[in-house]
Every structure is written in C-alpha cells, then in structure tokens.
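Copied over from Swiss-Prot, here are the features:
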type     : residues               : note
ACT_SITE : His289                 : active site, proton acceptor
BINDING  : His332, Glu338, His368 : Fe cation binding site
BINDING  : Tyr347, His368         : homogentisate binding site
Amino acid sequence: MAIHSRSDALAYQSGFGNQFSSEALPGALPIGQNSPQKHPLGLYAEQFSGTAFTVARSEARRTWLYRIKPSAAHPRYQRMGRQIAGQEQGPINPNRLRWNAFDIPAEPVDFIDGLIPLASTSAADQADGVSVYVYAANTSMQRAFFSADGEWLIVPQQGRLRIITELGLLDIEPLEIAVLPRGMKFRVQLLDSSARGYICENHGCALRLPELGPIGSNGLANPRDFLTPVAWFEDNQQPVELVQKFLGELWSTHLEHSPFDVVGWHGNNVAYKYDLRRFNTIGTVSYDHPDPSIFTVLTSPGAAHGQANIDFVIFPPRWMVAENTFRPPWFHRNLMNEFMGLIDGAYDAKAEGFMPGGASLHNCMSAHGPDNVTAEKAIAAELKPHKIENTMAFMFETGKVLRPSRHALGCPQLQADYDACWNDMTRTFNKEPRR
C-alpha cells in the first residue's frame, strides 16, 4: 500500500467556514475551473455537497474532490446482519435520567461496533433533530464508514483517536472535538489501547459559530483555533469494506480501491477539529450566574428563530467572582432539552454521582439543579474569588425532546436512584428576613 502526503501529514489549515484548498501532489488542483475535460494527473473531479444548490451563498457548503477513483465506483449495498443494537426509542419517560460511565468491551470492538445509542429526537430522515451515542472501543477500524443521516460531532473522553478522512488526517484527544460533515467517509484508528467518548449526530443545519451580539468581535470559540486537514491520500487496489448509516440502519459494500484516494480538494464542506482548552470563557464580574448560552461552542439553528436545533455547550475551568450570589448553576425548568456528559474532573452542580464518561438527560420542563450537598455548601460559602479547575463538562441542548433508546433505559449503567440527590433538600425558609 502506497501512502502519499506532505512531509508533515498532520499539518492543518486554520479557520472556520473558509474556502480551503489543499493538494498532496503539485497539479492536483485545476486552475480556473472545477471539472476539466482531462485532469493533468488523470484524477476524477467529484463535488461533495452539504447543502442544496440554491441556498443563500452564505449558507452554501460544498467541496470539490480530485480523486483516483470516483465514489460512484462501488457495487450494491447490502443490509448488514449486525446493526446498532437497542437504538429503537424506548417508552415515553419524563423522568430525569443519569448513567454511570460505560465499560470498555472485553472482546475486540472497533469504533462502529462500539456505538451505544442513548437518545434521539426524531426519525433520521427528517432535516432536523439529533441522535446521541456513546462509543467504547479497543480496536482500530479496518473498514471505512460514513453517515448519510447527519453531521457527526465527536467528543473524546478517554483515549486518543486518529481520524482518517477523505480530506486528510485529524488527531484528537480528550478535551478536543472533531466534526465530520454528513456523508464524509472516515476511518478511526486508536492511538491508545482503548477509547471512549460521546457523539452527537446532527440531522439539521450544519454546525456553525454562534452570534456574539454585544460580546463583540472576539470571544467564545475563536475561528482561527479551528483546524482542517491538509490533503493526504492512499493509492492502493486492496479490497476494503465501506459501511454507511442510512435512516439509522447499517449497509455495507466492498471497494476494490481505497476510499481515501483524494489527491487534492478545495471548498468549505470540510472536517475539522477544535481544542476546548482554547475557549475564551465569558462570565459575570459583578453578580448572578449568567445563562449557560454564554458557553456555546457551536450551534445548529432550528426552525424557530433563536431556538437551536442543537447547541454544543461546555463548562470549562473558570474564575467565580460573583458577589452576593448563589454561584453554582441555578435551579431550572427549561423549555429546551439537555443531555450532559463529563469529559474530565467534576461538575460544579453535582457533588457526586456524575462521573467522567457518564451522562445525564433532563428533558423539557424536567426540574433540575444543584444537588443538596452542593446547594448547602454554596449557601454557606465565603464568597472569595476562586477558580474552578480540572473540569470539562458539556451539554448537547436541543429544542426537540430527546427520547431515550431502548438500550439506555435497560442498561446496567442507568442509575435507579438519581432523584435521591434532591431528597431532603435543606429547608432554609425564615419568615423574618436575614439582617
């Protein structure tokens, strides 16, 4: 197998939403046109569209690929015998739910077989909503994969990953994320003995940076910190399995060439990575706890103006300086639906029970907030400036109800006693105001 790349295969291009271009060999990118009659290197021109042709130019996403064999060169797909087990939506359940960390399998399992379905909003053939998975794997993929159902946001919690994409290579580790466009072929190699993390499959409009409003022209996730691959390709004619996810089902075909044979490309429908440690956190310097929307990294807009199909929000290390304020996240009943995970450390609203690799789900109007231990400490605390360190929690927040999967409601990781953390909330009511 011949592998071709630049001298530094893991160089990246910087920026968000750019019209990127990259070639692994000189002459791979045609000049002045997209689809020449005869490509100088004998490559096929293929357009990879992420939006309809007629959307506003500011919304359009497409990339031109120059590859050794066109993607169309494949035989018929066959439905696979092994599907994503337990992904059917379970019975309606308004309760607050929390899960312990999911185990790494004992037997060899790759990234795709290691998918654990937790929740979804609606059928994947609709142009909105999300599906949420955990992955737990201990073996690198030998096959290739793509999802026709949505864009993938991958959040590692344990173990480093190398993601081979049609556009090049992405290395990510815990505290970094990767985003793969709908339909992009990829393969995941484990750089450690095992890996675990979270996936949000976005069925709606592609993720983008949130508007900053009065914050101004800088802050939150800055565009220059997003990294996109440079061109990299394989030139071989060895058989390889290609799996696609289509309407929630897995289908397979076999290629006689590598699906990662793109020698050059240009466009803005791209894979990218981002280091969450570079997030410019905004918070109060006077009083009260601002709404968590100030921690939004990426957003996919929904049909209702101002209401997201999905917001990806993080709770990173930060200084707490608010005066005369209950500093943890306040008690809340939300129109939106909140799925939370923990990458590292502890979450400041929960003293115990919410561990790295675990998850929680608070659906529309499910009352939630700090547990009793956290609330008692916050009420009694001396309000000196202090820094919350060694933490990284995140939230997938969506305007649609997240229905837990059949697997999520029946697995041993589901905590039967989650509601108990709010039992015996200390009564502090006093008819006479405090002096």
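Placement of Cβ uses the backbone N, Cα and C atoms for every residue, glycine included.
Features recorded in Swiss-Prot, as mapped to the structure shown.
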residue : record                       : Cβ neighbours (10 Å)
His289  : active site, proton acceptor : 15
His332  : Fe cation binding site       : 16
Glu338  : Fe cation binding site       : 22
Tyr347  : homogentisate binding site   : 25
His368  : Fe cation binding site       : 20
The residue listed as 'active site, proton acceptor' versus His368 (Fe cation binding site) - Cα distance in angstrom: 16
His332, Glu338, Tyr347 filtered to the binding-site residues whose C-alpha is within 10 Å of His289 (active site, proton acceptor): none
Residues within 8 Å of the His332, Glu338, His368 Cβ centre (excluding the Fe cation site residues themselves): Arg333, Asn334, His362, Ser366, Ala367, Gly369
Conformational class of His289 (active site, proton acceptor) under the three-state DSSP mapping: coil
Integer Å distance between the CA atoms belonging to His332 (Fe cation binding site) and Tyr347 (homogentisate binding site): 16
